[in-house]
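Copied over from Swiss-Prot:
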type	residues	note
SITE	R16	site 'Transition state stabilizer'
SITE	K23	site 'Transition state stabilizer'
SITE	R155	site 'Positions MEP for the nucleophilic attack'
SITE	K211	site 'Positions MEP for the nucleophilic attack'
Amino acid sequence: MKSNYAVIVAAGKGKRMKMPINKQFICIQGKPILYYSISVFSKNPLVDKIVLVCAEDEIEYCKQEIVKKYNFDKVVKIVSGGKERQHSVFNALKVLENCSVVLIHDGARPFVTDRIIEDGIKYSNMYGACACGVVPKDTIKIKGKEGFSYKTLVRKELFIVQTPQCFDYNLIYDCHKKLANNKVQVTDDTTVAEYFGNMVYLYEGSYDNIKITTPEDLIIAENIFKTHKYI
C-alpha cells in the first residue's frame, strides 16, 4: 500500500533573521519552530511518513535535538539540502519509497493546521497538484524601473501561495527530475509543476500560516501562539 509523505524543508540559512542560529531552531514558547512544523504532520493520521531536509552540518543536531528528543517516530529519513531550495526538495523526493501523495512544507511555517493538510491530500488526489494560500489584504501594484506605479492588479484575482504544496508523487518527481537538467531557478514547487504544463489547484490556507523569516515575524508568531493557543 502506498504512503502519504510530508517533506519538511529546513535547510535554509535564514540570513534575514540576523541571528546566530538558523531560524528553524529559534525557540518560541520553549520549543524550536521546527518542532511545531513537524508536530502537526506527525500527529495527523493521514500522513504516514515524514522526510526532513536540513543543512548537511545540522543533520546530527536535527536527529538528536528534534527527532529523538520529541519522539517524532514518523520521521523516517533526514537528508541534506542542496544549493537552492529546488535541489533540497529533489534530494528528498529521490528517497521516498512507494509514495502516493507528497506534501512539501516549509520548516519555518509552524501554524499549518490539520484542515490544510487534509485538504491538500484531498485535492492532490483529485487534481494531481495543489497549494494552499490566501487572498492579499493589501492593494498590489506593479512598480516600474523609474519607481512609479504603472499598473494596479485586481486583488480578488491574486493569491499568496503558502505551504504545504501537495502533489501526486510521480507528477512532481518527474517535473523535478526534468528541472534538474535545466538551468531554471524557481522559488517554490508549484512553479516546478507549472513549468512543465501542469495545472495547480489553489485552495484556502490561513492568514496565520506565516513563514517566519524576519525578526518582525517572530513577534507576530508569539502573538499567534498566545491568541490561538497552538502550544
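Numbers here mean position along the shown chain, with the first residue as 1.
The backbone N, Cα and C atoms fix where each Cβ goes, glycine too.
Where Swiss-Prot records a feature, it is marked here on the structure.
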{"residue": "K23", "record": "site 'Transition state stabilizer'", "DSSP class": "helix"}
{"residue": "R155", "record": "site 'Positions MEP for the nucleophilic attack'", "DSSP class": "helix"}
{"residue": "K211", "record": "site 'Positions MEP for the nucleophilic attack'", "DSSP class": "coil"}
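With the fewest other Cβ atoms inside 10 Å of its Cβ, the least crowded of the recorded sites K23, K211 in this structure is K211.
Taking CA atoms as the reference points, R155 (site 'Positions MEP for the nucleophilic attack') and K211 (site 'Positions MEP for the nucleophilic attack') are 21 Å apart. Separating the Cα atoms of K23 (site 'Transition state stabilizer') and K211 (site 'Positions MEP for the nucleophilic attack') is a whole-number distance of 10 Å. Of all Cβ atoms in the protein chains displayed, 12 besides its own lie within 10 Å of the Cβ of R155 (site 'Positions MEP for the nucleophilic attack').
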